[in-house]
Amino acid sequence: MAFALISNRALTVKVEAAKKAAGTKQTKAAPAKSAGIEWYGPDRAKWLGPFSTNTPAYLTGEFPGDYGWDTAGLSADPETFKKYRELEVIHARWALLGALGILTPELLSTYAGVKFGEPVWFKAGAQIFSEGGLDYLGSPALIHAQNIVATLAVQVVLMGLIEGYRVNGGPAGEGLDPLYPGESFDPLGLADDPDTFAELKVKEIKNGRLAMFSCFGFFVQAIVTGKGPIQNLADHLADPGTNNAFAAATKFTPSA
């Protein structure tokens, strides 16, 4: 039954893709006019607000998250701009998942009493170097990871195959937008309305950029304090004058 449903869904996706291909060839689709003019077009919000007078001509506000900032001219070439947009969205989505995975176990362990083998994200991963290895999902009944080199090699191979399939336009995604495929990737139909879809694109990239900065901050915190982000936040709230970024930075300055 499940296989039949999946097959029917896949057939539907291919039929819809064929219909799109048979129709008029689509170019870059501009967002709906009523989708929040504050985020798109020439009158959108700029990175310096009213002081953003001379934004690059190639940043027209056509794409989500365009605040008219490109002082280094990295996106002046259209093909480069297209590649960077794709890379940013993909990394933003990974960062959103990563931030959720970093925060959730520590939150549940600290405030809900949920038992984890190790709730702190970098300490959990470090268990692969222990004698017993790393238990997937914290369950000894599942397969153990005991060799970091083998684990990395498997990840590189699997992710490389998937990314290669995606980049080269595998037949399963034929006719679909590589960044916003929809169809089976939107089972709840959240993007059916064009205005809502345009707004969701902006929300995704804004939150994704915050998530990328957050993950970088989690890495730095782990190196400097040896604690997870939730514990660092609790320490800061308990004693802001002692536990803050400036105090932590002094640990790396030459002593008098």
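Positions of Cβ are set from backbone N, Cα and C atoms, glycine also.
Under the heading chlorophyll b 1 binding site, Swiss-Prot lists W47. The annotation chlorophyll a 1 binding site is assigned in Swiss-Prot to W69, S75, E88, R209. The chlorophyll a 2 binding site feature in Swiss-Prot is assigned to H91; the stated evidence is similarity to another entry. Sequence annotations record features per position, and here Swiss-Prot assigns chlorophyll b 2 binding site to R93, I143. The chlorophyll a 3 binding site annotation in Swiss-Prot covers Q127, L137, E204. Residues or ranges marked as chlorophyll b 4 binding site in Swiss-Prot: Q155, R166. What Swiss-Prot lists as chlorophyll b 5 binding site is Q155, F252. The annotation chlorophyll b 3 binding site is assigned in Swiss-Prot to E163. Swiss-Prot lists K203, Q221 with the feature chlorophyll a 5 binding site. Residues annotated as chlorophyll a 4 binding site in Swiss-Prot: N207. According to Swiss-Prot, the chlorophyll a 6 binding site annotation covers H236, A245, on the basis of similarity to another entry. Here Swiss-Prot flags 1-23 as transit peptide. Annotated transmembrane segment per Swiss-Prot: 94-114, 142-162, 210-230, in sequence order.
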Cα-Cα distance linking S75 (chlorophyll a 1 binding site) and Q155 (chlorophyll b 4 binding site), given in Å to the nearest integer:
31
Candidate with sparsest Cβ neighbourhood (10 Å radius) among H91, K203, H236, the listed binding-site residues:
K203
Can you list the residues of the same chain, besides W69, S75, E88, R209, whose Cβ falls within 8 Å of the chlorophyll a 1 site's Cβ centroid?
G65, D66, Y67, D70, Y84
Please give me the CB contact count at 10 A for R93 (chlorophyll b 2 binding site), counting all chains in the structure.
15
Can you figure out which of S75, Q127, E163 (the binding-site residues) comes closest in space to the residue listed as 'chlorophyll a 2 binding site', comparing Cα atoms?
E163
I need the CA-to-CA distance for R166 (chlorophyll b 4 binding site) versus R93 (chlorophyll b 2 binding site), whole Å please.
15
Given that the record lists W69, S75, E88, R209 as binding chlorophyll a 1, what is the largest C-alpha to C-alpha distance among them, in Å?
17
Under 8 Å by Cβ from Q127 (chlorophyll a 3 binding site), same chain, sequence gap 6 or more:
G117, E118, G133, L134, D135
Out of these binding-site residues, E88, E163, E204, which one has the fewest other C-beta atoms within 10 Å of its own C-beta?
E163
Non-local Cβ contacts of W69 (chlorophyll a 1 binding site) (under 8 Å, 6 or more apart, same chain)?
K46, W47, L48, S52, T55, L59
Among S75, K203, N207, F252, these being the binding-site residues, pick the one whose CA is nearest to that of H236 (chlorophyll a 6 binding site).
F252
